[in-house]
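Annotated features in TrEMBL:
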- 13-46: transmembrane segment (TRANSMEM)
- 58-79: transmembrane segment (TRANSMEM)
- 91-108: transmembrane segment (TRANSMEM)
- 120-141: transmembrane segment (TRANSMEM)
- 161-182: transmembrane segment (TRANSMEM)
- 194-210: transmembrane segment (TRANSMEM)
- 200-358: domain 'O-antigen ligase-related' (DOMAIN)
- 216-231: transmembrane segment (TRANSMEM)
- 243-263: transmembrane segment (TRANSMEM)
- 341-362: transmembrane segment (TRANSMEM)
- 374-393: transmembrane segment (TRANSMEM)
- 399-415: transmembrane segment (TRANSMEM)
Amino acid sequence: MNMNKYELKDIPYFLLVLLSFFPLMPYGIISVITILFALSTVLFYGKNVLEKLKSNRIRYFFLSIAFFLVLILTISYSSNKESALNEIRKNLNFLIFPLTLLLFFPKLSRKKFENTIKAFVASCLVLSVYLLIVICIYTYYNLHIRSLFDFPFRDIISGKTYLDLHPTYVCLWFAFSIFFLIKDIKNHNKKVIKTLYILSIIIFYAFVILLAARTVFIAINLNFLLLLFLLKNKGGIIKKIKYLVIYSIIIIVAFITIKRFGIIEYRFFDEVRISNLKEPKGRKPTSLSLRYGIYNCDYQIFKNNLLTGVGVGDVQGKLNECYKNYRTSAFKKRKLDSHNYFFYLSLSGGIFCLLLFLYMYGKNVFISIKTQDYLYFSFLVLIFICCLTENVLNRVHGNLFFSLFNSVFILNYLSNNHRNIKL
């Protein structure tokens, strides 16, 4: 079947929508579609790039990639060049999507923007159903598991699927999907669709609890409170009280659920008791004591390399050296990174790299508030909070999620005639 010119030029958009289904894809498929998307975007829209360079897009492009350029420069003083190149390679999404979407891609209509987000949410819903099936199959073949309340949900997600999944990333995707569904539900009048939306929200929220993703759980609830504050002038005090009552009921149900599941209760409460905040020792130090050791090493390395960092290729090596000071074998059994993305940037490229990232992030938050794009605001808040306890943007599932949709949100802002905000 012959495709007309308009259809051919829409290929990059269709690949963008397809790429939004990345939660269901192995890394190899993600890489292939990313390459096809980038090449087709340059091929079909390359002629107009000079116009983009003269517009505001160039400023947003450099704002988005400045911190990553610093990371690239640190290769020059990284002693482990192979590790440095590997780090840059797995983080290339920070360059690919701002480049293709902000400098090459044409304006994105509201409908196309929403379709892109809906594709991602749909993929998350399919993923949740798939994970439920995996859990059921695991239960069938492991009849020794007598109680649902002691079920190893996190272990199944981490190692029993065709995908290389981590509970934090899965729950982060589900959290963003929750806020999209909350935003979009008011656009539908049919009870069937509203019911499906509510059911999907419940499923996503339940997974966040069952997978014991503590940071994501905190991020969801903190973001909800922030939105209530930002929306204080919409709907009046009665509507605000109504939302607070609903939120309170959800929190009560959530904590009752957590207390009922032994494994989940342990991870949410027992594992992070303040009494565990001490130097890691012995064969099985607690999660909190391990983090104490990690963050102490983060701080010591940062303090001694404040301006330039140690180079993107030497961060893990320096951490491993520091871990040797602790009387525990836990650090030898598995690679433990900085567990904080802000520390990762500081250790890699120094305080300047961190400040460039925070400046970019702050400007994006400012744009989301000024344009009342509270879905974008939720997206930024969720990721920011997760960066406090995980090196969340230093894996493909994290940096793809952020760089792809952050660029899509900015493109949506630039495409739909919002008042120009000075950078």
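Glycine is treated like the rest: Cβ placed from N, Cα and C.
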Would the transmembrane segment (341-362) count as touching the transmembrane segment (58-79), if touching means at least three Cβ pairs under 8 Å and pairs must be 6 or more apart in sequence?
yes
Output the single range from 120-141, 194-210, 216-231, 243-263, 399-415 maximising the number of Cβ pairs under 8 Å to the transmembrane segment (374-393).
216-231
Does the transmembrane segment (243-263) reach the transmembrane segment (399-415) with at least 3 CB pairs under 8 A, where each pair is 6 or more residues apart?
no
Counting Cβ pairs under 8 Å that sit 6 or more residues apart, are there three or more between the transmembrane segment (58-79) and the transmembrane segment (161-182)?
no
Give residue numbers and ranges for long-range contacts of the transmembrane segment (91-108): same chain, 6 or more residues beyond its ends, CB-CB under 8 A.
12, 34, 37-38, 41-42, 45-46, 48-49, 52-53, 57-58, 60-61, 64-65, 68, 71, 116, 393-394, 396, 399-400, 403-404, 406-408, 410-412, 414-415
Tell me, roughly as an integer, the mean pLDDT over the domain 'O-antigen ligase-related' (200-358).
85
